[in-house]
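Feature annotations, courtesy of TrEMBL:
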- 20-43: transmembrane segment (TRANSMEM)
- 37-283: domain 'G-protein coupled receptors family 1 profile' (DOMAIN)
- 55-74: transmembrane segment (TRANSMEM)
- 94-116: transmembrane segment (TRANSMEM)
- 136-154: transmembrane segment (TRANSMEM)
- 201-221: transmembrane segment (TRANSMEM)
- 233-255: transmembrane segment (TRANSMEM)
- 267-285: transmembrane segment (TRANSMEM)
Amino acid sequence: NFSRVTEFILLGLSDRKELQVLFFTFFFLAYAMVLLGNLLIIVTVRTDPKLSSPMYFLLCNLSFIDICCTSVTSPRMLVDLLSQKKAIAFEDCIAQLFFLHFVGASEMFLLTVMAYDRYTAICKPLHYTAIMSRQVCWVLVSACWAGGFLHSIVQTLLTIQLPFCGPNKIDNYFCDVPPVIRLACTDIYVTEWLMASNSGLISLVCLLVLVTSYTFILVTIRVRLTEGHWKALSTCASHVMAVILFFVPCTFIYLRPFSTFPSDKHICVIYTVFSPVMNPFIYTLRNNEVKASMWKLWKRCRV
């Protein structure tokens, strides 16, 4: 890397002090809810033997990824909201970019695996136990992390090979590929296409797979109107809500290589903050088994 830039300036969501205080309060509460809500899900699933099905195993992993995803951006953003100079070292910026795409892509793959789990449970109930065994679940989760790592390595290598010698202001509250590479002192036409085909297509393909899975599920539900299928459909409805919150903004941001909008940094808030906050509510408030297990855990803690 022939960079002469040693740090970047994060412009954040707003330069107005009164709004920065308001943002700090909101995002601090949101970050606390992410940590507490997802940790509660992890502890509940791990301590209740009744929640040993593949669905809850995958939900536990999703909660862990949500904690990692929001921890990549939120602590730094909270510090910057109270700082005069919102500077981040070049190496720290690249590290944030790497881990964001690592856990972000892993979550995309995991949500796709969760859709496959629901498809198998509803469309092939007699073979569900054999198809989604614990060993298969571990392999699928490991593949999600491996896929996220490979994706992030590609994005990071394409970024650090660019020369940065001029402007160093990033119009966002964290380091991400689109705003960072536009500061490079070279033609990034090919790089943008490569990155869009990487991040954008991953988001789009995963979204299409999810839509296809739920289409098959709806067709199956329409044919087999049993109580068990309606219960499974209720679980899928919460999954669809999580998918919309996460995939739609990601696809919008990463699938267009040559254009930026002032609203991009506000859209990023949806999948870096809102999605991890909402997942515990989406997956617990609509699931009686998880709520019952949490209540039993609360009663045990009080004794």
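Backbone N, Cα and C atoms are what each Cβ position is placed from, and that goes for glycine too.
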Task: Ranked first among 20-43, 94-116, 136-154, 267-285 for CB pairs under 8 angstroms with the transmembrane segment (55-74) - done: 94-116
- [ ] May I ask for the residues of the chain that lie six or more residues beyond the transmembrane segment (94-116) and have a Cβ under 8 Å from a Cβ within it?
- [x] 55, 58-59, 61-62, 65-66, 68-69, 72-73, 76, 88, 140-141, 143-145, 147-149, 151-153, 155-156, 159-160, 174-177, 180, 199, 202-203, 206, 209-210, 213-214, 239, 242-243, 246-247, 250, 271-272
